[in-house]
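Take a look at the structure set out below.
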Amino acid sequence: MTNENIAQTFALVGEWVTIPEIAEILDLKITRIHNLLSDGSLIALRDPETNVRKVPALFLNGNRVLESLKGTLVVLKDSGFSDEEAIVWLYTDDDSLPGRPIDALKDGRKTEIRRRAQALAW
């Protein structure tokens, strides 16, 4: 994972939030956010410009973590995806959806997205 690739991923996603910002949004202690990162409920990348860990903003749904995210991230990890690759996949337009997998998850279409993620392993 090169800085150029990470910079492209940051550009693809657009809106990111820092761990302290997530703690404030979710009204949780920062240590709890670190637990969410450790248990796979969230994933983060280091911003190549600031070296600060950030999470894509759409991984949050109001003042909660997007409910369907953790299971989807597990499926992607089981398919061999790195954190960066999972984020890119979630944010890349898919004409067959139509749209991006992250938008479909936010619309409540987790079964379809997880099925597609599982198919990537084959």
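Quick reminder: no glycine exception, Cβ is built from N, Cα and C everywhere.
Feature annotations, reproduced from TrEMBL:
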- 15-60: domain 'DNA-binding protein Rv2175c wHTH' (DOMAIN)
- 67-121: domain 'Rv2175c C-terminal' (DOMAIN)
Secondary structure tally of the domain 'DNA-binding protein Rv2175c wHTH' (15-60) (DSSP, helix then strand then coil): 20 helix, 10 strand, 16 coil
Residue distribution over DSSP helix, strand and coil in the domain 'Rv2175c C-terminal' (67-121): 35 helix, 0 strand, 20 coil
Model confidence over the domain 'Rv2175c C-terminal' (67-121), averaged pLDDT: 94
